[in-house]
Amino acid sequence: MEKSQEASGVRHALQEPLPEPSSESSPELLTKSNIPTGYYLKYIRYKGQYHLQEPRYQLKNSLLAAVGFFELANAGDFAANVWNSVPIPAYAIALMAIGGTFALFMTYFAYRDATLSWRNLQGLRCERQFLKGTLKKAEEQQCDQSGELSILVKALLDVNHRETGTEIIDRLCMDSLMGFGATMVGVGTFLAIGGANHNVWLASNLLSGYIGNGPLALYGLANLCWSIYVWLRARRHGISYHAKQTAQVDKDPTVGKLLKGRIESVRIHATLNGITGVVAGAASLVTATMWWGYVVLIPCIIISVVVNYFWRHRLGYDRPLFVEDLPTFDKAAISEELVYIAALERLFLRSTTPVMLASMVSDPQSTTEVIEFLVKHNLFDAFSRRILKDKELSAILFDLSGTTVTIYPSALASNSDDSVSRRLLDMAQDCVTEYGLVQLKYRERFLLEILGCYLTALNTKITTTHPADNAV
């Protein structure tokens, strides 16, 4: 529990701030209040370090880079299938040992990535229940005369649906099937070393052949279907945006360029991901009897690594999960914030010195305003971890006698010690310097996802309400 204190601190003089972006201050969008009601982070102490205990408020861009090498792991039986005869050359045995070890080693990353994905799915499930309950309540009470609430909730449910599908198909399904396949391939490859025994040789062929590579082919088909859906969904977002533009032209082309860029990126990723998965699945079955199947796998392995990197650095994002409060926004609000974020990103990229908080908030000496900025841009977790690492400061702010610490933004913002306030603001500046650009990009991607879903829901409502006006 925190030692609450009442009043805000005053920061020492800042360095000369960098030029501000087009907006004079950060737009207060996507939340009914600057900090969601009941927002807090709870940490548990384990082996001297604090770990986030309840990450239910966050969807994390936690895809592991290592899972991009699953295709390579499933090709670890190369030596076992190519030199499928006795006596086995010594160099082939060495290659089998390397390939089998790598395939089995990759099962750890399959388990680890599945665990991270499951955490995201738990949060998404809570959010989906809240959104469905909100929509049902609004319909029962007939309090949504304009239909804006239903459009908002349907847009958020659309975002939630895509994210859930990505976690299930592109992560849990992939981790389970390809992890199982890698295990079978690894065991079968090691058995191939003892291929002089006919029973061992037969078991090796089965495990490193159709049993080990079958799951890869199955995943390829499932992934292809999901990739087609994602590709078509991105196309609908583009159509909905252009339909909206015919009625209202944005003065600033920034939003249109950003949305078009994301749509193209999503479609490129879906195309590469879907085609590579099904081709690799087919080629893996061929490798059970034909050596040239591995030649086909080579470009698939390379593209899989590229697709994994592309998702983590161009498409994936961290975002808050709406499990207690419903955000409020429309196209104008999203567009305004996207323009503002784009200006901040340019500020980060062009500056040769750390970007100061004075360029992002109207009052950088206000602990309350700075903490609100951190919460809004998903920097509060990094900020809290910095505080907990400072034993002296954390002892002042929190009761550390137990194994858990609950941190409320409002409690930090209301401290009355000027020296503590200065240290908090300095830590906030460090967080912005280290993570600010990444979190801005994450928020931009999330807002673009919402914008596409919102416009699609709005376009669907207009088409349904006025079918005659949309007839060809």
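A Cβ is built for glycine as well, from the same backbone N, Cα and C atoms used for every other residue.
Taken verbatim from TrEMBL:
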{"type": "REGION", "residues": "1-31", "note": "region 'Disordered'"}
{"type": "COMPBIAS", "residues": "15-30", "note": "compositional bias 'Low complexity'"}
{"type": "TRANSMEM", "residues": "89-111", "note": "transmembrane segment"}
{"type": "TRANSMEM", "residues": "177-196", "note": "transmembrane segment"}
{"type": "TRANSMEM", "residues": "216-232", "note": "transmembrane segment"}
{"type": "TRANSMEM", "residues": "266-285", "note": "transmembrane segment"}
{"type": "TRANSMEM", "residues": "291-311", "note": "transmembrane segment"}
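Long-range Cβ contacts of the transmembrane segment (89-111) within its own chain (Cβ-Cβ under 8 Å, at least 6 residues beyond either end) map to 64, 66-67, 69-70, 72-80, 82-83, 175-176, 178-179, 182-183, 185-190, 192-193. Long-range contacts of the transmembrane segment (177-196) within its own chain (CB-CB distance under 8 A, at least 6 residues past either end) are made by residues 70, 73-74, 76-77, 79-80, 84-88, 93, 96-97, 99-104, 106-107, 110-111, 114, 203-209, 211-216, 218-219. Taking Cβ pairs closer than 8 Å, the transmembrane segment (291-311) reaches residues 63, 65, 67-72, 75, 78, 81-82, 265, 268-269, 272-273, 276, 279-280, 283-285 in its own chain, all 6 or more past its ends.
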